[in-house]
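Structure first, commentary second.
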């Protein structure tokens, strides 16, 4: 049994030996391939920019690698048969394991020798490669240094070219300047010759001037004496001018005193009566209806009396004949017949208006029934005809003119205007624009400050004015905003009291004087008696309320004037918005004038008589002496 298994064990050991040899044989080509791969990977690491010597070394290394013996790749486990007589060896039989083992050992020895040889060559090539890389690095550094030096040299060359170009341009410029200077030198030489000639002429003239200077010095000594005399005379003139200024100021103060005295002699409450002309389409009254008797001096004197004739058809004689006409005579400070012009009316009140510049409060009313010409008297007619301008634009033009004349004496004036209306005891701003237009609930009469006597209207516009055009614009705006309505007496009747106020402030800085006053120009609403027999519709009820408010305020105005005349302790200013607003212009320190306007028509005789009787009562009042507001 053991003898039978022995050959089998030998065969197994033989197969193991063959397998080991085949494995060793397969490792040799792998080592060779790995060595070639390392050489191929190491070769591309040479820098791109290398010198000639570096390129030569790398080429030699690559050539040595290519010339090395190549080991043919063999399949594992296949042993090459030995060469016999240079011929291809014959293949050993499969059973000749010992011969195959000898062949494999011989081949393994040969591969080891070749591997050792290739390792030595590889080490030499790596040494050469390292040396070549070091040389390449040195050459690269040297190349970069040379390139930097080359760039610097090129930059220096370019800079040198630029400097050379600039030097050439400078040379051309200097050559041009040289040519210019040479031309200028020639001109200067010519000018020098001319100046030498001129110098000789000036030397001659200098001698002549010296002779004349001596004569002038002699005349100057005489002029100095004359100047000294003129200075003394100028000093005397300056002293005289100061004296004249003082005298002029004294005369101005005297003029103001005499002017105020004249106005006081005429009365601090004056009443003028004006009869409007008959309008087209109205019946012509009889000649005896209105008479204007002549004054004490004859027809040359302005009329001051008015006689009204009234026929009462309800009265009659026993024989049935109509009763004779009843005449009513009235006397005022001045009466203006229907033909009186606007400039004649203003001429009579111009001095009163000027009192406002002197510091005296002035108030001018226009009173009368509806359609009697109050608005025409105060504001003027339609359009911009200067012939029909009212008292308001004429008064402001006069004040501007006089203020400009007083400016030559050192006075400076400022003017601030406001325009309000009192409708049904409600104050409205006639100068309001935009959303506030026509609204009166926001306007109230208040004191200007604690302890102040000056009154102001809250939320009303106070507009500084300095010329006629500004005043015209304000009057036009106020005319559009004023409350009017159609009545039995007038197509466009003013249903409110309009009050134009001008605050005047004056100052004389040289003497430290100040004065201030207000000018009030009031267009009262039409006064009419109520007819209880009229049937009242919705529109008539509004007119009734308006008429009641108008008559109540006019009645309060009469009570205030009577109380001032009687020196009563309580003056009912607060009974009406009109008298409350004007209280500072109605008292003893103010000057007041009332225009009573009446209609020339016989059908309005009842209302005309009522207006004339009211004006006569006012004309009989005396409210004392006016005082100027000066500081």
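Glycine residues also receive a Cβ, built from the backbone N, Cα and C atoms like all the rest.
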Which listed span TrEMBL calls region 'Disordered', if the choices are 1-53, 107-159: 1-53
Give the mean pLDDT for the coiled coil (108-268) on the 0 to 100 scale. 87
Using a Cβ cut-off under 8 Å and a sequence separation of 6 or more, which residues in the same chain sit near residue 368 (ATP binding site)? 374, 524, 526, 527, 595, 596, 597, 598, 599, 611
If you count other CB atoms within 10 A of each CB, which of 370, 371, 372, 375 wins among these binding-site residues? 372
Among the binding-site residues listed here, 369, 373, 374, whose Cβ has the fewest other Cβ atoms inside 10 Å? 373
